[in-house]
Each structure stands twice: as C-alpha cells, then as structure tokens.
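So that you can see what the record holds, here are the features copied from Swiss-Prot:
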type: BINDING; residues: 6, 7, 152; note: substrate binding site
type: BINDING; residues: 62, 63, 64, 93, 122, 184, 214, 258, 259, 280, 281; note: FMN binding site
type: BINDING; residues: 153; note: Mg(2+) binding site
C-alpha cells in the first residue's frame, strides 16, 4: 500500500470510528461567577501560542495531505475556512511530499488559499533538520509541528519499530528550523516528564494530544489481520495531560488537543493551562457533512460561544481565563492525586 492510499484510508477510518469522548474534560467544572462585571463586546480572544500571536485560540489541527486529489480538496477547503474565520491551520505530515514531489500540491494549496494566515508545517519525529527546513519552505510555514505517534506506528502494520534518537533530532530541528517548533502527541496524551524533556530540547510549545478524541490505535487496528486491542485504551486523557504539563510551569506554552468538540471544551482546556486549542476530528466531520460553508459557520459559532463563556466567567482575555477557578473531580482528580499534583491550586486561585 502506498503512503497516499494509507492517507485516504486514515480519513475514512477517522470518520467511521469518531471520537470516544473520554477526554476527562467532563471532570472539570468552572466555579460560577454571579457578578462577572463584563460586557461580551469587550472580550478579547487573541492569544500567544509558542511566541506567535493569533486572533483565535482555536486552530485547525493537523489532519491530512499527501493523499492525492481527496486530500488536496480537503486542505483547500480547510484553508479557505481558516482564512475567513481568522484561525491558524496545521497541515498533516509532509513526509509523503518530501518522498514524492507529486504530492506537494496537496500541501501548497493551503498557503495559496490562505496567503496571510498562520500556517503550521508538520513532520514526524523521524525527520531530520534538513527535512524540517524543506517542510517549512514548502508552505512558507509560521511554525513547525513535530508529531509523536509511537503507539500508532507500533499498531500500524507497516509502521516504524525503532524510536531511538527522536529527542536529539527534535533538539536539532528546534535549533535550525528557523520557526517555532511545536511538539505534539496524536491522541495518547503527554506526561509532565515527557513535556519537560521537550521544553528542555527547545520546543516553543507542546501539544498535549490527549486520549479521548480520534483513536489512531483503533484506526490502525482496523487495518491489521490480528488487532492489538490493548492499545485501544492506552494513554493519558486530555484533561490530565494538560494539568500534568501545566504543573511544570505556568510560563510554558501549552496547546490543548484530543477530542475537543465544543467551546466549553476549549474554555476548560485554557483554564487548565493551554494558550491554544487544536481541533481536527470535529472540523473534518463538519466539512464532510456540511461542506465548506457549514465548516465556516461551525468555526465562527465556536469563537462566539467561547466569548460567551468568558463573559459568564468575567474573563476579558485568554490570560484571565487561564486563571479562572475550576474544580477537578472523578477519574481526572484521582489520576492527578496519584501523580502528586495538587488540584486545589486550580480551585482556590
């Protein structure tokens, strides 16, 4: 099977498997504010993500590319909607275009349709610094995502089996790429120990990529003769991942992703420490079911609903929302307690 064929299979399986809604965000409850003293029109949702200023904390996370005409059309529609909504956009892994130049157009269309927007390039941790620079140049990217997908590769029948040297490559890429480097998980979450290593290696931001959204173990298991079912429930939830990473330092740039489906999910993620929130499966489903205009409507509704939530909490800015008090309960509270993370610092601030 070619890379392009595998990319198309991934899209179809992602739509059919959906999201399992085990992000841990249902364990998060905001402390209600009866006197917010704020008008909705005064709310400012601009933010800084890894040193980049964005008018929107929500962005379209990496989905696809390199799968022929289908992925070209998806990326074209995503780029158009992102331009109209003022949202950043990440492309899927560009390794396929580095190996097969005929696939470059499925990525280059993003910059062509969105010449002034924030665009993130994307490669896996197997890439070297020279490939990273080529990926950035391909789409004149403002930042580069490096994705960590060990479990997906292990389950993938034709996937990688050696993961040595990844941190060293990331460190070199961060030093030489010429743009901020964001390192992201792909649905299996991230511990504070892993995040610390990545920040120390020069990552401008880490993306939690928590468990609870699109499940790449399930997707790859659908392609196996003998499924590795034990990996289907493997990982750290989005909520727990965010709290873990935030426990390192309040000054680090954190991105939330992994099953985010609503403005409330985004608001909770920001209050857990994120400065930006990536959504992929939700936007892909909107595009395939409602078309490009329907996707744009969904995006603008999310941004407006986020402003409403911030108004209710009395938070005029994203930085204020990051300090909004919340209570953590259930499995997420249990996980964090066992990991030695004091949840009262969220509820008593």
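Each Cβ is built from the backbone N, Cα and C atoms, and glycine gets one as well.
What you are looking at is a predicted structure, and each value in this text was computed from that prediction instead of being measured.
Cβ-based neighbour count (10 Å, all protein chains) for residue 62 (FMN binding site) stands at 24.
In the shown protein chains, 19 other C-beta atoms lie within 10 A of the C-beta of the residue listed as 'Mg(2+) binding site'. Each of the binding-site residues 259, 281 was scored by the other Cβ atoms within 10 Å of its Cβ; the lowest score goes to 281. Neighbour density for residue 152 (substrate binding site): within 10 A of its CB lie 22 other CB atoms from the protein chains shown. Residues 62, 63, 64, 93, 122, 184, 214, 258, 259, 280, 281, recorded as contacting FMN, have a largest CA-CA distance of 20 Å.
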